[in-house]
Amino acid sequence: MQILNFVAAEIEPPQTVLGKVYQHDSVLTEEVMAYLQPQGGGIFLDVTLGGGGHSLALLRGGAARVVGLDRDPAALQAAQARFAAEGIPGSRIQLWHLNFADFDLQQHGFRDEQGQGIPFDGIVADLGVSSPQLDCPERGFSFRGEGPLDMRMDPSAAQETAADWVNHRPVEELIEIFTRYGEERFARRIAHHIEQARPLATTTQLAQVVWQAVPPAARRGRIHPATRVFQALRIAVNRELEALETLLAQAPTWLKPGGRLAVISFHSLEDRLVKWAFRRDPRWQVLTPKPLSPSELERQRNPRARSAKLRVAARSSQM
């Protein structure tokens, strides 16, 4: 199967992608399948393909065809190899190297005999950063290992990196993003320490600056003091909340009447956007008044799933 809108030279060889670097367990898969109900056939859109777990579950569950999107070239190649190993024919899966905020039904979806984009029966979005991205120091998403301050979901994209943000943005702007995207109460202290320590090149350098910036009492918690700063920078670099707002606004136009959108979020900023969009937009009918969380068994098997929340809504027939 072909990856569309894609240059193969942008990414690492398949053996690297399929090894330790790209092993990812999809979260809340059973719950997503229960709401999207692929057993009846139909076509589905996976806007955050990752390692292909949700798409594969849809195809195994009876979906006729799936369109998969991802910004990360490594994720696309890993998923492509996984589908091939599972014997999924290319006619059932269409992959795009694409930010879901840029998806266009006519251009990127399946088409009918008249050449018109076919609306989907369901859409799944598994937001945030994946385990392979976190576990690869070269991607710069985590301070657990030393790597460049990158944090781009698409390393091939011509966009600012986290290093560009911490080294060149005004202090007041850093304070704003640490507060808004990281809900960091020591944002001002941290931003001023970053200004004094510039230039910063690696994840561990930034983590050490944050550690020194916060009061000693804040260093003794279960969560490392740099966690919220790294989250804020990642969200800012990739414009994640803006992309999510676009998805929530556009998804009703990509769905058939009654088609469902399942969104998995991992922090309160994302969940709040999903919750209010589902409640306030008359095009949505909420199917999960309260978000679903992973079972105890899933949390034990995959500790990173513990903060996941699933919300589902159906496209109203009144549009």
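A Cβ is built for glycine as well, from the same backbone N, Cα and C atoms used for every other residue.
Predicted, not measured: the structure shown is a model, and the values here were computed from it.
The S-adenosyl-L-methionine site recorded in Swiss-Prot comprises G52, G53, H54, D70, D126, Q133 together with one of F100, F110, F178, namely F100. The secondary structure of F100 (S-adenosyl-L-methionine binding site), as reduced to three states from DSSP, is helical. In the three-state DSSP classification, D126 (S-adenosyl-L-methionine binding site) falls within a strand. Reduced to three states, the DSSP call for D70 (S-adenosyl-L-methionine binding site) is strand. The helix, strand and coil residue counts that DSSP assigns across the region 'Disordered' (289-319) are 9 helix, 8 strand, 14 coil. Largest Cα-Cα distance over the residues recorded as binding S-adenosyl-L-methionine, namely G52, G53, H54, D70, F100, D126, Q133, equals 18 Å. Minimal Cβ crowding within 10 Å, among the binding-site residues D70, D126, is found at D126.
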